[in-house]
Amino acid sequence: MKLLPAAPLLLLLLTTLEARPKPAALKCRTGPLDIVFVIDSSRSVRPFEFETMRRFMMDIISNLDVGPNATRVGVIQYSSQVQNIFSLKTFFTRADMERAINSIVPLAQGTMTGLAIQYAMNVAFSTQEGARPPHKGVPRIAIIVTDGRPQDRVTEVATQARNAGIEIYAVGIQRADMNSLRAMASPPLEEHVFLVESFELIQQFAKQFQDKLCGVDMCVEREHGCQHSCISTPGSFYCECNPGYRLNGDGKTCSPIDACADGRHGCQHHCVSLQGSYHCRCRPGYYLSHNKRSCTSKWLSLSLSLLVCFLFSSCLFPSAIALLVSIVIDYCSFGNHSCQHECVSIPNGHYCRCRSGFTLQPDGKSCRATDLCNGVDHGCEFKCVSTEGSYHCVCPEGQRLQADGKTCSKCGAGHVDLVMVIDGSKSVRPQNFELVKQFVNRVVDLLEVSPQGTRVGLVQYSSRVRTEFPLNKYHSADEIKKAVMDVEYMEKGTMTGLALKHMVEHSFSEQEGARPLSYNIPRIGLVFTDGRSQDDISEWARRAKESGIVMFAVGVGKAVEEELRTIASEPVEQHFSYSADFTTMTHLVENFSLNICPEEGKGETEIRSPCECEALVQFQTNTVAILQSLTEKNILWGEAGLVRGWGQSTRGVGWDG
């Protein structure tokens, strides 16, 4: 992240001060808004620069009509982790908000902007934190202020946030990465992306946001470019089309709707599309019935007429003969029908018909195979391929179609050699030890346990170390889960170093079931601890990582940060944390994949095989789902709470605790 030069920052500060409303000025009253500031407090933001951010927030708040039934404001700051300063339900006066903003202490670490957006979406804008329910229609606005390039991915999580109804303004200071700002912001980008490096740009942002707050009719004030209708919304607008038209991808122009395309027209024979409407047409030899959809055969009508003639002598006999002649003639036999597939003879003519799986074209003669992939819910995981009257699923190169004919086998199917090393010391307490066992079993539920698939081992330690079961002991998830529930709590001390030594020398040996390193099966060690180790851990933590074991540490309660850092694989900061909420973990799966996958990673990234990458990502995805499920059920670990968070690594998996 880049440092701001002093001169532009002073100019920015003067600009924001100049933009402050005069005491006598009337504040514009607005409909209610839910606004959350997402502030970058990474180490590259110097103290006097952070003061500018404080003033920036207070300048905007000074123009708001705040209150429980008016606009609500929340503030979060982020670096390598996310910190909630105050939520949407905390303060309802500007004075209280300004006091809280003035008391912020910058975190001064990394720049995990994607993590902050995820937190804003899942936590800050939740109804539990004071956001109004979606059905009330209160706009949700996030203002992200950053001075550099994110160290994690932002594109996907920002898209999720926008799809969740959050309007995002991205404000970059000086040398912020413009591509990242554009990836985060809501459309139209020219109204939601600001690079604050001059007087004009900060004024433009202030005016744009004031327009939003004061309810300006954006359709009147701006060149909207809508072909049909412009609909004004707070601070923005969108285009709508007249009935019978649909909005094109540019969001402004309109195209006629093909009312026949959706197949709901109900026409028995042919549907003819008009602008926004349609009418039905019958094949030769039929006429349209009174319901304007079904078709009646002229042959049937003629037969009935002939029957009336004979029964009631109500027509001339020669006329009846003529009718009979017209009925029995096979018009298809003349050989000039030009039907591509089948010709069907009817009184006074013929019509063409296509075989099953084909559709008659507008010329009434040629046929084209129906694209069933577009017309049915095929369920193919990768790609659907249409064939004559049918379809089939295919998988990417290197993957195999599964027995269901739809899903693809993943590389290695997520197989790992996993050893969990759990703290059984006295401080854990029996009821919390049961929660640890429950978590272990829920991880096992999502693993493909088998001798050729994922293997699981379990080690417990206190003042001594005990292998509960090695990697080659059990061959099914049910066996492992039963063994876990039978584990007895050891109590006594906390010899974490001794446990690491045991794991390296025994648990990951081929004698106890670990696959040879040449197989490229990831070796993962999960260490749970709730306090300071009573022995040295540095030597065996180093040996574990040097031997190719992906290490991550879960700290609970009074766990020591320095020890967790020593245990965790590089980069250390991304293998643990103490305060991240469970709901902020999901998007870190993609960051994890970015760091370890050779097809996506950049820079000094360790090259692992694609199979290994898939296995590690799948393992982390499953574990994150379990953690989130435990959160929803309010399962806590004593007073300290169960570990929260999950980090990513170039070597493997990490949790934020």
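Positions of Cβ are set from backbone N, Cα and C atoms, glycine also.
The signal peptide annotation in TrEMBL covers 1-19.
The feature domain 'VWFA' is assigned by TrEMBL to 34-213 (among others). Mean pLDDT for the domain 'VWFA' (34-213) in the predicted structure: 86.
Residues annotated as domain 'EGF-like' in TrEMBL: 256-296. Residue counts for the domain 'EGF-like' (256-296) under DSSP, helix first, then strand, then coil, are 0 helix, 16 strand, 25 coil.
The domain 'VWFA' feature in TrEMBL is assigned to 417-592 (among others).
Non-local neighbours of the domain 'EGF-like' (256-296) in the same chain are 242-246, 346-351, 364, 375; each lies 6+ residues outside the stretch with a CB under 8 Å from one of its CB atoms.
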